[in-house]
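Sequence annotations record features per position, and here Swiss-Prot assigns [4Fe-4S] cluster binding site to Cys3, Cys6, Cys15, Cys21 based on sequence analysis. The annotation hybrid [4Fe-2O-2S] cluster binding site is assigned in Swiss-Prot to His235, Glu259, Cys303, Cys394, Cys422, Cys447, Glu482, Lys484 on the grounds of sequence analysis. The annotation cysteine persulfide is assigned in Swiss-Prot to Cys394 on the grounds of sequence analysis.
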Amino acid sequence: MFCFQCQEAAKNEGCTIKGVCGKDDVVANLQDLLIYTIKGLCYVCDKGNYLDDEVMDYIPKALFVTITNVNFDDKDVINWIKKGVALREKIIEKNNLNKEELPYCATWAYETDEDLINLANTKEVSVLAEDNEDIRSLKELITYGIKGIGAYLSHAMHLGYNNEDIHKFIIKAFTKIVDSKDADELFNLAMETGKYAVETLALLDKANTETYGHPEITEVNLGVRDRPGILISGHDLKDLEQLLEQSKDAGVDIYTHCEMLPAHYYPFFKKYEHFVGNYGGSWPFQREEFEKFNGPIVMTTNCLVPPKDSYKDRVYVTNEVGYPGLKRIPVKEDGTKDFSEVIEHAKKCKPPTPLENGKIVGGFAHNQVLALADKVIEAVKSGKIRKFVVMAGCDGRHKTREYYTEFAKKLPKDTVILTCGCAKYRFIKLDLGDIDGIPRVLDAGQCNDSYSLVKIALALKDAFGLNDVNELPIAYNISWYEQKAVTVLLALLYLGVKNIVLGPTLPAFLSPNVTKVLVEKFGISTISTVDEDIKRLVG
């Protein structure tokens, strides 16, 4: 195996024996084969000028399977590969494509599962198939950006929202990745990936807000009640809606975990009296927190950490999430999910063990912040707010991420943190006070709500009469972990945001030459020390 798609790649070079995430070499290689399968499928769709509902349903979900901490189940990944090959063959036949004119990724065949495992173990389908380090780096940058697009698109489609142009871009992009060896063409494609990342984030924002209302300032309880509970983690709001509706008279409470916390900010969910609070923190600490929760846990998406045996029988998965031995939520013929087993399981469990008390405040997405625009603008003009610091993105296991807690603590009192994603857990529970009633930590929501931060920045640019978003008193100190963060980064670069500090390390998949170009064009850098970074970002 060779995998360097996440921030925790071994030695910041790549995992070669087992993933730091927990996936073994078989699953890692099969995920490479799944991406190879998607490339072949996209290639035949492009050559046949073909797109239908089945393709649009399959590709985003299959991409989601390969994101870090989503699927660890070799049998599940094999099934996704088989679906892709069957769909590819159907399109070849339907469009009378000549296989002799197609690349191997669009023509390979298999007879047994063992054939798939053997093919997955070859260089041909791996990241290392591209020998040129810079071309490989650009292709992987685009691929990881598209993986995130696929994930966000899946969420939007789950709510009934879609955009065919995004699907057409994915097909075109993977076709170019197969064909192109031109660094300039691939760099431009990476920037175009940023464009479609923005469109996808906008689509998901529309899906979430039109379905559940605009997030509003909300206090979220961190304590527990004395009833059994169900803990829901991941990102999928539709799953939460179904779980809440099915459990409302069951005598159990529903708690969010990690990236599901922002669900409390949406008006729609406030009607459920048994939707009581958030339990725990970010995903790296789930093994201890899940054990203490005592009740069942529903994983709707990433991030799943390989579970301990002590609570493995309480973990349920749905959507693209997979791990050997975990129970899967049944899906009915009409597409809705049946959470009855989870609910009955919860009734037999003890209430959650308390982890902490108190409350946190969030809900500062674009609509809410722009409603406070006059107050914010006045605070900036009067000098009470000197700078906004975007501290968005992902959390992770590395001890180096303690940097973000210290950075938040040491920021001058006239600065305001704009955040979203699970990176927030490094500082959202700190008492950092407020500026004239404006909290010094404004949480916009999930990682995809980085779109809110962009909308806020663009609105402030217009309000201050500036020509360039980089003229705003906003600094960017972003932490990344998995591929959706790459999608967000490309979106920011496409929008022209410069001087982003990306940490705690730069991606292992960026070659020295590609890194140099990103530094020269966009001023990207990584973290140093807290004091030095506050000096350069805030002054």
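Glycine too: its Cβ is placed from the backbone N, Cα and C atoms.
When the binding-site residues Cys3, Cys6, Cys21 are ranked by how far their Cα is from the Cα of Lys484 (hybrid [4Fe-2O-2S] cluster binding site), Cys6 comes first. Excluding Cys3, Cys6, Cys15, Cys21 themselves, the residues of that chain whose CB lies within 8 A of the CB mean position for the [4Fe-4S] cluster site are, in sequence, Phe4, Gln5, Glu8, Ala9, Ala10, Gly14, Gly19, Val20, Lys23, Ala28, Thr68. Listed binding-site residues near Cys6 ([4Fe-4S] cluster binding site): Glu482 (candidates His235, Cys422, Glu482; Cα-Cα distance within 10 Å). Fewest Cβ neighbours within 10 Å among the binding-site residues Cys15, Cys447: this applies to Cys15. Lys484 (hybrid [4Fe-2O-2S] cluster binding site) carries a helical DSSP state (H, G or I).
Each of the binding-site residues Glu259, Glu482 was assessed for Cβ neighbours inside 10 Å, and the highest tally belongs to Glu259.
Note: the hybrid [4Fe-2O-2S] cluster site is recorded as His235, Glu259, Cys303, Cys394, Cys422, Cys447, Glu482, Lys484; in the same chain, Cys258, Trp283, Asn302, Gly421, Gln446, Tyr481, Ala485 also have Cβ atoms within 8 Å of that site's Cβ centroid. Across the structure, Cys3 ([4Fe-4S] cluster binding site) and Glu482 (hybrid [4Fe-2O-2S] cluster binding site) place their CA atoms 12 angstrom apart.
The binding-site residues in question are His235, Lys484, and the one with the fewest Cβ neighbours inside 10 Å is His235. In sequence order, Thr68, Asn69, Ser233, Cys258, Trp283, Gln286, Cys422, Glu482 are the residues near Cys303 (hybrid [4Fe-2O-2S] cluster binding site), counting only same-chain partners six or more apart with C-beta under 8 A. With respect to their backbone Cα atoms, His235 (hybrid [4Fe-2O-2S] cluster binding site) and Cys21 ([4Fe-4S] cluster binding site) stand 19 Å from each other. With a cut-off of 8 Å between CB atoms and residues at least 6 apart in sequence, the same chain places Gln7, Gly421, Cys422, Ala423, Cys447, Ser479, Trp480, Tyr481, Glu482, Lys484, Ala485 near Cys394 (hybrid [4Fe-2O-2S] cluster binding site), listed in sequence order. A C-beta separation below 8 Å, combined with a sequence spacing of at least six in one chain, links Cys21 ([4Fe-4S] cluster binding site) to Cys6, Glu8, Cys15, Thr68, Asn69.
The secondary structure of Cys447 (hybrid [4Fe-2O-2S] cluster binding site), as reduced to three states from DSSP, is helical. Under the DSSP three-state reduction, Glu259 (hybrid [4Fe-2O-2S] cluster binding site) is assigned to helix. Classification of Cys422 (hybrid [4Fe-2O-2S] cluster binding site) by DSSP places it within a helix.
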